[in-house]
Amino acid sequence: MDDFAEGGLSLADDILLEDYPYEDDCICTPDFTTDDYVRVTQLYYEGVGMQYKDYAQSEKNLEYDICNIWCSKPLSILQDYCDAIKLYIFWPLLFQHQHSSIISRLHPCVEAIRSRAAEISLKKLQHLELMEDIVDLAKKVANDSFLIEGLLKIGYKIENKILAMEDALNWIKYTGDVTILPKLGSVDNCWPMLSIFFTEYKYHITRVVTENCNLLEEFRRHSCMQCVKQGELMKMRGNEEFSKEKFEIAVIYYTRAIEYRPENHLLYGNRALCFLRMGQFRNALSDGKRAIVLKNTWPKGHYRYCDALCMLGEYDWALQANIKAQKLCKNDPEGIKDLIQQHVKLQKQIEDLQGRTSNKNPIKAFYESRAYIPRNSSAPAFRTSLNFVETERGFRKTKYKMANGGDQNQKVADEALKGDDCDCHPEFLPPPSQPPRHKGKQKSRNNESEKPSFNSEVSLQVDLKSILEKQFSKSSRAAHQDFANIMKMLRSLIQDGYTALLEQRCRSAAQAFTELLNGLDPQKIKQLNLAMINYVLVVYGLAVSLLGIGRPEELSEAENQFKRIIEHYPNEGLDCLAYCGIGKVYLKKNRFLEALNHFEKAKTLISRLPGILTWPTSNVIIEESKPEKVKVMLEKFVEECKFPPVPDAVCCYQKCRGYSKIQIYLTDPDFKGFIRISCCQYCKVEFHMNCWKKLKTTTFNDKIDKDFLQGICLTPDCEGIISKIIIYSSGGQVKCEFEHKVIKEKVPSRPVLKQKCSSLEKLRLKEDKKLKRKIQKQEAKKLAQERMEEDLRESNPPKNEEPEETSDSAQRCQFLDDRILQCIKQNADKIKSVVLNTSTLLKELLSWKVLSTEDYTTCFSSKNFVHEAVDYVIGHLIQEKNRVKTRIFLHVLSELKELDPKLAPWIQRLNSFGLDAIGPFFTRYGASLKELDFHVVTVLWDEKYGHKLGSIEGKQLDYFFEPASAMEARCLIWLLEEHRDKFPALHSALDEFFDIMDSRCTVLRKQDSDEMPFGCIKVKNKGKKKKPKDSKPMLVGSGAASVAPSSEAVTPEDHSRRNSDSAGPFAVPDHLRQDVEEFEALYDQHSSEYVVRNKKLWDINPKQKCSTLYDYFSQLLEEHGPLDMSDRMFSEEYEFFPEETRQILEKAGGLKSFLLGCPRFVVIDNCIALKKVASRLKKKRKKKNMKAKVEDISKTGEYLRVKLPLNPTAREFQPDVKSEALSEDVKSIPGPADSSTLAAEDLKAQLDSDSSSGSASEDSRLEVASPDSPTPLCEDASPSPTPAPEEAKPTYWAQSHLVTGFCTYLPFQGFGITQRPAYINMVPSLSQFTSIYTPLANISSEYPMQRSMPVVPSFVASNRADENAAAYFESPNLNTEHDSGDHMASETQILEDTLGVCVRSQGSAADADPALSEPEGNSEHSGSSDSLWEASLENVSGTTDAPAAPSVAIQVSRSMVHQEVNTEPYEPFETQQGDLSQKEKECHLLREQLKVACENCEQIELRSSQEIKDLEEKLQRHTEENKISKTELDWFLQDLDREIKKWQQEKKEIQERLKALKKKIKKVINTSEMSAQKNDGFDKECEPHPDQSLGFSSALTDEKTKAEESVRKGKELYEESHQRAVAAEVSVLENWKEREVCKLQGVASQSEAYLKSLKLMSSDSATYPDVEYDILSWESFLSTVREEIESKKSQFEEHIKAIKNGSRLSDLSSVQLSEVSFPGCSTIHPQFLSESSGHEDPGLVACVDSMTGAVLNDPYMDSASGCPEEVPELSLGSPTHQPEVTQQLELKGASQVSPSEQSPEADEKLSGQATRSSQSPKKPSNSIIEHLSVIFPCYTSTELAGFIKKVRNKTKNSFSGLTIEEIVEKVTEHIVDEQKKKKPNPGKDKKTSEAHSAASVAKSSQSPPLAAAGPSARTKGQKKDDVPAPDGNSCEICHEIFKSKNMRVLKCGHKFHKGCFKQWLKGQSTCPTCGSSDLLSEE
């Protein structure tokens, strides 16, 4: 497995790659499948399930219990169980062999599973998907006890051979999925599917419940660790093979990995991807389905499954599967993007294929469509969803492999993919091509006639191979490389554009999009694989960028771009965004009306959006394309346009053209400033600066702006003088201002004349009306009061006279929005006591689905089930606050038979409210209900109430309007309320039903004066001057308040009388008379109370002036908070003050000193603020500091309390005679020291008194009771005009008078108290004398108190509504959020020990109120010393001295409090009684606190007096109303004047227009007469012209004929020249072909000759041992040359065909001319050559000599540019087939490297060949000659011997001590020197060049293998111009690489350094390399 390679596959592996049959072997006959599952169930029943059988026989209701236990589990766990059961059901169908045993289900690694991929037919796949839909039903209703119980029953029947077909179909119907039943009907036999589903689910649910089996863990334990490791290893190898494009091998590895880990969905997904590449779409479909079943939330599995369906032609099926996948994978944002893209692609494919059919095989069509795509194409494919697939990946690029069955696989080139990693996450790709067919027109794939034959497949493959090979040319790669660069640039520009747009860099974005649009042609957009919508999105991006810039020019261009989208691209679906963009443009221009029109159009086009779009070539989503976001944005814009801001100015120029609007805003894009001209009559005339300049030029002769001062106002009919001119600059600032003060004469105001009644009859009518109104008001109040009392009596059930009801229970009641739920909560204990059968109630609530199965199980699991069930249900209702469930609970209560008769009428009365409200509701909203989709309502009804009230299928909405269907009608309203999100039009109607109709209540306005109107504040009496006081709403009971209809209708006679008697400047119309009277009465009332501008009142009462100013500034500071004296508010308001007010402020020394003269104002940080605001700020700071101190002290105190031992002998532990009484939340005031008791009579009188003075003060008092009466600790606080201090302020004040026993809603206004709902609670049944004061030690802790209080008065105001008395105080130092409950048990200790409250315990428990006795202590309330210290310190500022009472504090244990007083010592702090009360530290601390409290008492009194003043100031709020009414009157008069002036102006304008029109008519008449005369003259002149036109037309016709003739001749000439050009190009290509073929044939002939000579020499193997090896090399070389000849011929023929088809020679790619090198062979010994020269051809010897010395190059193969010689590329054959050529190339490359750069491997190869060529012993001279013959093949052995002799003579006949290499080097240098001395000879240039080149190589190579690997030598016929340099990048003289451009290139092509060439020219005048004398060169 480790060394896995091609050719090494085993037989088993080959079998895996075979073509699998189409027939599916996993779903066979239904009988067998059913038997398989029934056998599984029987096995369970015979073994493990036998106990369940026996138990089922003994217990009939076992399914119900199993169902309850199953449904009691969390929903998430149940859904996981359902997924596991689904795997168990599908395991035999998709993953396992048919005949596998039951053991293999539990141990997949033991038995062989179906790892081998099997195809699934489309019919079988339909059955599988239907089965999957049925199985998924159970997951939807996993926690529905009704349906799960039915499932278990059906499974039980099937297992017992009972036919339950009808039950099964009904079960599926009740689940609500209406799509499955038609599918089941289309299946021939659906019973096997249903039996499998119900039996398997019943089997597994029973296992989970009875055996406590965890299906998830059981499924995960199937694979052992070894299997997991092996599977992971196989997967990694498969990933590697996939990245290498070896998909067949990757399939084998993935298959083996699946054998080890069959539950891994990634493996099936990877294998499906491989099958897609291989073209095996059915196998891919099977694996995709398996991956989905294993994990249905994996997006890639769904993607590949849809791809396989698409490749099979099932486009609609694939689209439906994609929609289902998006719903399942909605929590995966990355995966959902790819699925959305696939969805768009499928939709477009279906649209493209509409109306077109094809009978081709889809795979064959796929090959044909992809045949002409080049293999190595790098052009990226653009995704349909506008996402560009990046081709620059870190992995190797892979290609698609497609096959038409079995192992006949064909590679089809496509875009490269990113290889899978360990878990194999390749990118999603669209299929490479789609067959042009549609699902509706295709036949079954199983049709054998459609399968192509094997011969057709072979021919198809051969054609495809030839086509692909033709495309693998250099030009093709270059073209696609250019395409890739273009797309890269495109992506870069788009990314720059949208990135800049997201970063608000609009100019950069506009630049990028503009550059992009300039380069894109919409007509050629498809050539870039882009859709037209991509181009439109680029246009949209440019428009948005220009819009963001916001300048006028850019806005106009943006508007044009948006209009371009609408006009030219309406089919792309972006009209909505375009209209929205135009609206934004107009909104930027502040043209709100035009913007509103476009926004409205955009709202209507939201549905046309194509979906969520992304920027082209990216994954970045365009946020505006989200429909929900567009909708919200448009609604916001529409709201802004409907209510535009007030313009800063309005241009009055009649010819204003400022962006088609006269409104001037500072935010206008073209805003350039404006001018405002004001006159003394308060006229304001404004102009654009451009309009003002035009007006001055045309009307005022360019008058200077300043000269307009003191001129006449520009307003028509205004006689005022211009007094002020303000010019605003383009920045909105005041540029310059001119002002001239005009003293306006004060005209006395015209007195208001009241119309007096002219007759006594009218006076009598008025008095009668007043009397009637008063009587009606009193009757309405009385009626409302009676109904309120009646309803409250009904809402309060009969009481069982239980005086022990605790007052703390009232404090637990919170105010709820639902009044029915509030009533149930208040009477929870009564309801609990009357419900006798709790189990029946719970079952009914469970059936009505008020309680879930989990809640029902929780109730039953409780030990105290009977007593706590009702409490649990009510608490559950309060927690959910569901109005429907509350009323269902009330309905169930009313239907119970076993109910206490005392409470039954009350419950039935509450329940009947809803039934009574049905009629009015349907009468009012019947039309809206009839517009509903009743089919949807029917489905919802069957789901919710079908099992209780029956189905309403077949009925109409009119059925609910019948009186007999009141219950069903109410249930219908309940159903609409529960699904109100689906019926948005009924929200208000449903709220009205539940808030008003169903829970009857009336909100009345409580008036302090009985003479004021009751319903609303409407003043109809002119003479009534008294202002009504602030109304206080009062919540009363059931019933609707009705006011008697007013009988004020005026008869027509009265109207006539009024009209006749009316006096005044004008008569008021009848329809306005009543409104005018009301307005005048209201105005007279306000003006009579506060006359601001009445000088007499100002002079009479100067204090009232100051008081009014103080009120005004108080209101200003209340609205805006503390303000700086330099604030703009003061300066602006001061400008409008009258002169008298300014004088008052100037006398006081300014505004600041004036305000400080009033105690209401203070200065804080140079800001004026109200004193009460300052006190709040100080208290907040003080509170923060105090809390910090409390925390520190509490920590220290806790440490001292716990860690430090107490000293019992200390002085502080002695009993203290005077104990301080403190309350945590209520402060006490000093009282007489000798008053130790208070009589009950005084107490009663104090309670009954209505006075706010006397004994009741603003602070609560602490009293000490007599020993024989209950100890009063705190007296109830009565209302006072001064507010309570913040430290001990009651949240709601108690009323001083008694009220009846009902709940009243009293929001308190004023007094600085937070306004929250308050309720006056009272217990009428309790005595006022026995329950007012409660002993502190006996306060019950059953209900946790909201505040730590030592007293619970019986009658106070609180925010709790109950029939019992309760007190609720709020202190700012306590956090109300932590009120409930964890410190109640410690409150007694805190109050006794820490605060020192003196408590006199009762003698026995009987003396105390039994209802207040404390039950068993709660352990969770165990002590808190932190709360002790905190409570003691929070009220430091609020404590005062209290009268002392001699007592001994007693420590009470927490566990003993509820029984009686515990007098035992408390260990370990107490050894005897009273020790703990003498704590040293606490007493000292309390004394300090008392001192501080006494010192702060005076400050508190001052503060309270200040607050009293604040309350008095609040009574003067009518000043504000006076100002408002006066302002409104002024506005009314101004509007009237403005309208009159406007009418007058319009009248003048109309008259002027009329005059202008008359003048214009006269002018038109005159001009018409003149034009008629001119026309007569023109007619006379034009009469001869028609004759002349005939001559012109004939001349033009002749010219046209000549032009057409010349065009025809030109076309003929063009055709002839084109044919000649084609013939010429064809002849050129034929000549090139002949030349190349001749070259190769020459090489072939030479090779044949040499091969022939080698064969002749093969007889003498001793002399030439390697002759056989050389013969084989030359034969291989000869065959290669012949193949190359054929290849060149075919290439030239293709080019000739292309030329004939219309292509141009310049556009075609040139034929690659590869150089052919002879193979390297061993050198023939000179002896052999000399011996054979006598009987061999001399030419042959020369040929052999030249070929063995160097590689032969044909002269025709040399390039014309003289480029340096390189190693030739061989395009024929592969390295494995031609080892000789590879060896030759390696040796040649090694020989061209310097000795220092040669590698050891090259040396080894060279030395190896040298040893092979020199195996026989040789003489040194022969070896030297042999070396030299290789270097200088042009010299004979005799000539070389002569050179050796010359060198020996120079060295004085001594070669001793020199090696052969050194001798060869010296001889080589001598030969080169000899050649340089000779003159250049054209006939010998070749030999000189060869010698020089050979010498250079010899110098650079010192090793013996030079004999076998010398440099390339030229043939004798080679030209000197074609001799290349050794290296094109190095100097020919010094052989150094050119590092700069300082070089010289000769005409012959050789290159030299300029310095080297200058040195050479000093002694020579020829080319150093070729000896050319032509030295003309080019730089």
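Our numbering is plain: 1 for the first residue shown, then up by one each step along the chain.
Even glycines carry a Cβ here, placed using N, Cα and C.
Of the given residue ranges 701-741, 824-864, 1603-1643, 1931-1971, Swiss-Prot assigns the label zinc finger to 1931-1971. Looking up S749, S1009, S1706, S1900 in Swiss-Prot shows the phosphoserine annotation sitting on S1009.
Taking S1060, S1251, S1257 one by one, Swiss-Prot attaches phosphoserine to S1060. Between S1280, S1794, S1799, S1816, Swiss-Prot assigns phosphoserine to S1794; no such entry appears for the others, which is not proof they lack it. Here the region 'Disordered' (1574-1601) has no long-range neighbours, meaning no same-chain residue at least 6 beyond its ends has a C-beta under 8 angstroms from one of its own. Across the range of the repeat 'TPR 2' (266-298), the DSSP-based residue counts are 27 helix, 0 strand, 6 coil. In the predicted model, residues of the repeat 'TPR 1' (231-264) average a pLDDT of 89.
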